[in-house]
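Enquirer: What follows is a single structure, and I will ask about it in a moment.
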Amino acid sequence: MRLVGSQYKDMEDRLSPSARLVRSPGSQTRIHSIESILGFKGETLFHPAFPYGSGKTGKDTEHLSPKKDSNKHFDGVCRSTVMVSPDLPDADGGKLSDDENPKKKHRRNRTTFTTFQLHELERAFEKSHYPDVYSREELALKVNLPEVRVQVWFQNRRAKWRRQEKLEVSSIKLQESSMLSIPRSGPLSLGSGLPLEPWLTGPISTSSSPLQSLPSFITPQQAVPASYTPPQFLSSSTLNHSLPHIGAVCPPYQCSGFMDKFSLQEADPRNTSIASLRMKAKEHIQSIGKTW
């Protein structure tokens, strides 16, 4: 149903929570609102301490006061529980010293060895890298150090020795690898890959001058001495077509002053064996010639 005009407006004023007291000069009008129906008084409704529409009466404020007291009590309990332990140091007191704190690890000062002590320790290390207890105690008395310090020194010295050994081995390996990696250049090489000198790779011929293929530091005059006579089996008719006469090719050998004093046969200790071999070869050739 729809209300029209003043009736609709009057109903809105009655049901509105923001209805106000309408005062006339002579009398006070009756308030028709939810607050008046529920029994709220105008003094409590429009009291300046409470905002309009809060809906809190004096009884509600009385119920709120114990909550504030309980909150204060709760804060006191929390503060009492969160207390600094008497065993812990005060924040303003600073940190404990090393003597007062037994849990802190005691750091030992670094031992400084003298030259005499280092010399004796190195001598003992050269004798044995792992000395026994008696040797360490004797050495400790000698160098005026505790036995524990001597033991620790030997441990550190062995570690240093191992590092040096590893470095030496690695340096040797590096040198070997660098030497293998260097390419060797040569004019000519065989199938095996080994380089050859130029005089070794010269042509080999059976011409009338076979001494031309000799190395450059050996002259033809120094190649064959004049007093040298080849075996008779080399001058046989079977080898005349392949080997020329050496005496005709080579000029007389010019011996030095030392060779003038001592002949070649006297200087050669194998002259007797060579002579015997020549005789055997001669007899063998003669025996072969008789059969033919």
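Glycine too: its Cβ is placed from the backbone N, Cα and C atoms.
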Enquirer: From the ranges 106-165, 226-285, grab the one Swiss-Prot calls DNA-binding region.
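Expert: Within the set 106-165, 226-285, Swiss-Prot attaches DNA-binding region to 106-165.
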Enquirer: How does the motif 'Octapeptide motif' (32-39) divide up by DSSP, counting helix, then strand, then coil residues?
Expert: 5 helix, 0 strand, 3 coil
Enquirer: Tell me the residue counts in helix, strand and coil for the DNA-binding region (106-165), as DSSP assigns them.
Expert: 43 helix, 0 strand, 17 coil
